[in-house]
Each structure stands twice: as structure tokens, then as C-alpha cells.
Amino acid sequence: MDKFVIEGPTPLQGTIPISGSKNAALPLMAAAILGDSPTTITNIPKLRDIYTFNNVIRVTGCRVEFNEDEGILTIDPKNLNHYEAPYELVRKMRASFYMLGALLGKYGEAKVSLPGGCAWGPRPVDLHLDGMRAMGANIELEEGYVIANAPKELEGGTFTLEPSSVGATVNLVLAAVLRAKEFTIKNAAKEPDVVLLCEKLAEMGADIEGIGTRTLTIRKVDSLQGISARNASDRIETGTFMIAAAMHPQSNITLTNVDVDDLGHFPETFRKIGAEMNINGDSIHIKAPDHITPTSIKTKVYPGFPTDLQAQWATMMTQANGESKVTDTIYDDRFSYVPELVRLGADIDVKKNTAHISGKTKLKGASVMSTDLRASVSLVLAGMVAEGETDVLRIYHLDRGYEDLEEKLTNVGANITRAEQKE
Ligand code: EPU
């Protein structure tokens with residue numbers, strides 16, 4: 001197992017290219033198996049979750065080729081003949097559960113392992129299953145697996161997502177496009193990842209009304225064709241590096257290959273901390289403020305503040321002059337990073353779903369670790385402004401979701417090395 005050894009504090013200066021988005025790529029990859037011909041997707045990041053999903057798709061008999069140097073993925077569904085996503089792979093990555101919608105949609109049968117819990121709570125899939133039942137599919141649970149069946153045509157109907165869910169919207173769209181006579185999803189997610197999926201499915205030949213709104217109506221088509229598609233750039237990686245750039249008063253960073261339109265209200269909120277921010281086409285230039293203005297946030301569905309950036313924001317707020325609050329309304333208990341930041345010297349108190357942060361605190365290096373992706377990257381952000389050496393343990397979480405993280409940060413002045421972690 002590897003760890004990062006970070007020497008701080010260091011200002012960041014230079015250019016960071018933003019990678020393709022993991023969370024946008026995974027639905028597109030699942031959609032590719034619905035086609036009758038190969039789909040090629042560009043701007044695919046080299047991340048552990050992408051390799052895992054490649055293997056999930058290969059289990060079904062599809063051919064998957066990943067040109068890592070070019071970031072181009074080709075999925076040929078011609079030989080798909082096995083309708084299963086096994087526990088050994090699904091437990092590594094929850095999004096493998098998208099295979100349920102894709103296989104049910106294309107072949108009318110699927111056997112997909114239930115994903116189980118995750119580092120910060122149960123993360124249910126009831127809406128995915130109830131939505132498919134509402135569509136008319138037969139869904140049974142057997143020994144940790146979901147067994148799904150559907151005739152050639154499902155009647156469809158209407159299903160309301162409460163709460164709105166990215167994953168359930170993706171799975172229901174995948175299931176419906178080739179199978180449901182008419183199916184309406186109310187309170188559908190409209191995160192950019194969902195919108196891109198729907199747009200690309202429409203390009204493949206799907207009939208989806210209401211793309212980009214909270215009501216999607218899908219009418220079955222007989223077949224879909226493979227396409228060439230560009231994957232979105234990673235909006236969470238973008239936000240993470242914007243925050244990194246604001247945390248040291250001498251930092252000055254340009255982010256390139258950004259999909260600015262996917263950032264929702266985040267840039268407006270970011271401006272409130274006092275940073276200089278210039279957006280020019282697909283580049284964002286950030287100059288850190290001398291003093292960070294304390295700014296409270298509450299996570300919301302898109303275009304509101306993303307839950308995937310709240311840990312990074314709270315970390316930045318430890319360096320703001322005053323009190324702030326970070327409230328997560330999507331996941332109540334996504335605060336596993338707090339005790340670790342406190343070990344570095346932060347003053348944070350969690351009450352219910354809100355972290356109360358008192359800044360500015362001087363952080364001092366220590367060994368820290370975390371059990372999820374966004375929490376781990378927050379510890380890297382903290383390590384870059386902490387005095388002395390910070391060891392971030394168990395960085396395999398980072399390898400799931402941040403492409404070339406240490407290389408990108410080292411290139412702009414951070415002092416980060418990857419070392420073997422002895423247990
Ligand atoms: N929910 C239910 N029942 C369900 C599904 C969801 O109650 O059947 C609830 C969840 O418990 C949560 C809310 O609905 O309170 C929203 O969850 P959602 O389903 O939207 O999350 P997800 O699809 O499982 C994706 C991202 C997450 C991100 C969330 C929220 C992917 C692969 N994952 O998860 O990303 O936090 O949306 O935006 O796209 C990450 O990248 O680190 C990550 C965890």
C-alpha cells in the first residue's frame with residue numbers, strides 16, 4: 001500500500017490540466033453496451049474506477065479497449081452474452097450497479113450484486129429497484145444479488161425520485177430507453193453527468209424528452225447505434241484545485257481543459273472567499289486572497305454546492321479568519337475527515353450534519369488517513385499548507401478518483417512524494 005509524504009507549506013504556481021470526469025464517464029460506458037455497434041469515448045481518465053468498470057463490462061463478453069496514452073476507450077457490445085455483474089467487482093465500486101439498468105434494458109435480464117454500504121453510511125439503492133418495478137420489471141433479491149427480468153416491452157408509467165438521485169436516474173434511463181413503452185421520471189437528477197448521458201443516448205437514437213430538466217420522459221426505441229463521444233472534464237477535480245489554489249496566499253494557478261458550464265453555482269460561492277478568479281473559455285485563473293473570508297455552505301443537488309466538494313471546502317475554511325459552517329444535506333454523516341484535520345491542528349466541531357469551523361488555525365504535519373476519496377484529497381490539501389511533514393496514508397482512495405494527483409501538484413510547486421506504507 002502507498003502513502004503520500006507531503007512537506008509544507010508550499011505555494012502553488014503554474015498550470016494544471018483538468019482530467020476527464022470519472023462520474024461522467026461511468027454512465028457513458030454503461031450506455032455503450034446498449035448500442036448495436038462500438039462506441040468510442042475520448043477524455044477518459046486513467047483511474048482505478050475506470051479499470052474496474054472496464055473489467056465489469058468485460059465479464060459480460062463485450063470487448064473493451066482502453067488506449068491510456070490518448071484517453072480513448074472503445075466498447076464493442078457485439079459479443080455480449082453474460083448478464084451478470086459479480087460481487088467481487090461491484091464491491092470495489094458502487095457505480096458497477098449501473099450494469100443493472102444497462103443489462104435489463106438491453107437483454108431483459110440481469111444478475112447484479114447489491115453494492116453494500118460505503119465509508120460514510122448505508123447509501124441505499126431502493127429507488128433504483130422501486131423505479132424498475134414501477135416500470136414493470138420483475139425484481140427479486142437473492143443471496144446478495146438483484147435478479148431482474150423484463151419482457152420485450154414494459155408498460156412503463158411514472159416514478160418520482162425522493163430524494164433526487166444521480167445513480168437512480170442513470171439506472172432508470174439505461175433500463176428504459178430500449179424497453180419501456182413510456183416511462184416518466186419525476187424529480188430526476190440534472191447533474192451534468194446525467195445530462196451528458198441523456199444527450200449521448202439521444203445521439204445513439206434514444207427518445208428522451210426533458211433532457212436537462214427534472215422530468216424525463218422516455219419512449220422505447222428498437223435499437224441504438226454506437227457513437228463517438230467526448231467525456232466531460234471533471235468538475236469535482238476542478239473545484240478541488242480551485243480550493244487548493246486559494247489556500248496559500250502566494251498561490252497563483254491556471255486550470256485548463258475545464259468544462260466551465262458544469263460548475264453550477266460553485267464559482268459564485270468561491271468568489272465570496274476573496275480569491276481573484278478569471279474565467280476565459282475553458283481556463284480558470286485563480287489568485288489566492290491574502291486572507292480567506294469565512295464562507296458557510298450547504299450542499300444541494302446541482303446546480304447547488306456539490307457534496308463531493310464539502311470536505312475540501314471545510315479544509316480551506318480552517319485557513320479562513322473566523323467562523324464558518326459546512327452542512328451536508330445529501331449525506332448526513334460525510335465527516336470522517338474531521339478527526340484527521342483536528343489531528344493536524346484544525347478547530348472543527350461536528351453537530352448533526354454540520355461542521356462548525358473556527359479559523360484560522362496553524363496546521364502542523366502528522367500522519368493522517370481516511371476512508372473515502374474526497375476526504376483523502378482534503379488531507380492532501382491540508383498537508384500542503386501544514387508546517388512540516390504530513391503523511392497521508394491509504395491513498396488508494398485517491399487513485400480511484402484523481403488522475404496523476406501528485407504529479408499535477410508537484411508540477412506547480414507542491415512537495416509530495418509517493419512512498420510505500422509499512423503496516
Ligand atoms: N438515495 C436513496 N435511495 C437510493 C439512491 C439514493 O435514498 O436508491 C439517496 C442517497 O442516500 C443520498 C441521495 O439519495 O442521500 C443522493 O444520492 P445519489 O444517488 O445521487 O448518489 P450516487 O448516485 O450514489 C453520485 C456520485 C457521488 C456523489 C453523489 C451525489 C457517482 C459514481 N457517484 O452517487 O460521488 O457524491 O452522486 O452527488 O457518480 C464521489 O465521486 O466521491 C462520489 C461519492
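For all residues, glycine too, the Cβ spot is worked out from N, Cα and C.
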Fill in the blank from the handout: From candidates Ile72, Ile286, Ile330, TrEMBL puts in the same UDP-N-acetyl-alpha-D-glucosamine site as Arg94, Arg123, Pro124, Val125, Asp126, Leu127, Asp308 the residue Ile330
Handout entry: Pairwise CA distance, Pro124 (UDP-N-acetyl-alpha-D-glucosamine binding site) versus Lys22 (phosphoenolpyruvate binding site), rounded so that it is a whole Å
Key = 21
Practice task
Could you check which of the binding-site residues (Arg123, Asp126, Leu127, Asp308, Ile330) sits closest to Asn23 (phosphoenolpyruvate binding site), going Cα to Cα?
Solution key: Asp308
Exercise for the section: Summarise the model's confidence over the domain 'Enolpyruvate transferase' (7-409) as a mean pLDDT value. Expected result: 96
Problem - Nonlocal neighbours by CB distance (under 8 Å) for Val125 (UDP-N-acetyl-alpha-D-glucosamine binding site), same chain, sequence gap 6 or more - result: Phe97, Leu114, Pro115, Gly167, Ala168
